[in-house]
Amino acid sequence: MAIKKRSATVVPGASGAAAAVKNPQASKTSFWGELPQHVMSGISRMVPTLIMGGVILAFSQLIAYSWLKIPAEIGIMDALNSGKFSGFDLSLLKFAWLSQSFGGVLFGFAIPMFAAFVANSIGGKLAFPAGFIGGLMSTQPTQLLNFDPSTMQWATSSPVPSTFIGALIISIVAGYLVKWMNQKIQLPDFLLAFKTTFLLPILSAIFVMLAMYYVITPFGGWINGGIRTVLTAAGEKGALMYAMGIAAATAIDLGGPINKAAGFVAFSFTTDHVLPVTARSIAIVIPPIGLGLATIIDRRLTGKRLFNAQLYPQGKTAMFLAFMGISEGAIPFALESPITAIPSYMVGAIVGSTAAVWLGAVQWFPESAIWAWPLVTNLGVYMAGIALGAVITALMVVFLRLMMFRKGKLLIDSL
């Protein structure tokens with residue numbers, strides 16, 4: 001029996017050639033399938049900016065508060081104006097101020113860079129400016145214009161920034177809008193430069209301005225403001241709930257989109273001095289340390305090796321990278337056996353981070369691992385939280401792998 005082929009509907013393409021129209025269901029699947037790739041494109045371009053800003057900021061804090069022994073409650077500018085520093089120490093303090101200012105600027109560009117490259121991934125280079133503008137407005141929103149009937153005067157007020165939520169929404173919408181306009185707006189060849197350098201940028205910029213002012217900033221700001229209000233009102237219980245949530249979101253995908261979103265939330269709260277970044281910083285290092293530790297203790301606890309041969313050297317590498325603030329060293333373990341690795345390091349990260357916060361460890365500086373440890377309040381408790389989380393992770397993953405091995409559900413290519 002012959003198999004009949006359903007012919008595709010044909011419509012004129014943008015260049016006049018025939019183009020096949022895809023099945024609507026396929027297009028829908030394609031959208032949701034490609035969206036994570038666009039988001040990861042933005043994240044991958046944003047990470048170097050975060051690293052540069054974080055390391056330079058770390059230098060400024062180490063110089064001022066560890067080397068020059070400035071009290072934690074005194075800012076670098078106040079220390080400069082105190083008149084207590086001269087000569088080489090004064091030069092160091094000036095460099096610390098420069099590093100702090102420059103690092104802060106780099107951090108400020110992280111979200112605009114993210115939004116720009118998400119839009120660029122969706123709509124091409126024509127969407128890059130719209131994404132960047134939207135990302136910038138998500139961190140530095142336009143002032144709100146309000147009329148005060150008591151004084152019969154117009155005045156401005158500052159809205160709550162939509163931050164990562166706003167940047168994510170506007171980058172996706174702007175990217176697809178520019179892509180659609182580029183396909184639908186057809187002009188003669190001699191007007192191509194006008195279209196790409198003037199028409200599309202102006203239309204997309206106006207759209208971003210209106211969308212951010214009237215929709216996205218109010219929506220994202222309402223969410224961010226609500227979260228802050230609830231956590232602040234809840235006091236210590238709110239801080240512990242926040243620590244648990246941030247630790248879980250930080251650990252779950254080991255540097256992926258959820259991790260980065262949690263980072264933006266934590267950094268915004270830390271920058272505004274609402275809540276410290278303690279739980280996130282601890283949760284970054286617990287998974288790789290814990291999984292690396294599991295490769296060391298498995299044979300001592302069970303009498304057999306429970307990991308494949310290639311994971312043993314990777315475990316040591318993961319532990320080393322953890323001290324640099326890099327959690328991606330744990331990814332091979334999560335890929336090899338997600339059912340044993342992910343629950344283990346999630347539990348370890350949540351317990352270790354929450355315990356450290358509950359016992360009084362405080363970190364306001366938005367970096368992780370050795371770059372920030374000299375600036376942590378109650379460092380002993382902080383390190384105990386890391387150790388607790390790592391031990392829980394290691395014991396849990398060894399126990400789960402042993403159970404699966406005994407049930408014949410885990411094949412091990414041992415040394």
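In case you wondered, yes, glycine gets a Cβ from its N, Cα and C as well.
Under the topological domain names given by Swiss-Prot, Ser150 lies across the membrane from Met404. If one looks beyond the topological domain 'Periplasmic' (363-378) by at least 6 residues along the same chain, the residues whose Cβ comes under 8 Å of a Cβ in the stretch are 54-55, 57-58, 61-62, 65-66, 72, 107, 266-267, 270-271, 273, 276-278, 280-281, 284-285, 322-326. Long-range contacts of the transmembrane segment (379-399) within the same chain, counting only residues at least 6 positions beyond its ends with a Cβ under 8 Å from a Cβ of the stretch, are 278, 282-283, 285-287, 289-291, 293-294, 297-298, 301-302, 306, 333, 340-341, 343-345, 347-353, 355-357, 359-361, 363, 373.
Comparison of 127-147, 158-178, 238-258, 319-339 by number of C-beta pairs under 8 angstroms to the transmembrane segment (277-297) places 319-339 first. Here the transmembrane segment (238-258) has Cβ contacts under 8 Å with residues 36, 39-40, 43, 230-232, 265-266, 269, 275, 278-280, 282-284, 286-287, 326-328, 330-331, 334, 342, 345-346, 349-350, 352-354, 357-358 of the same chain, all six or more residues outside its ends.
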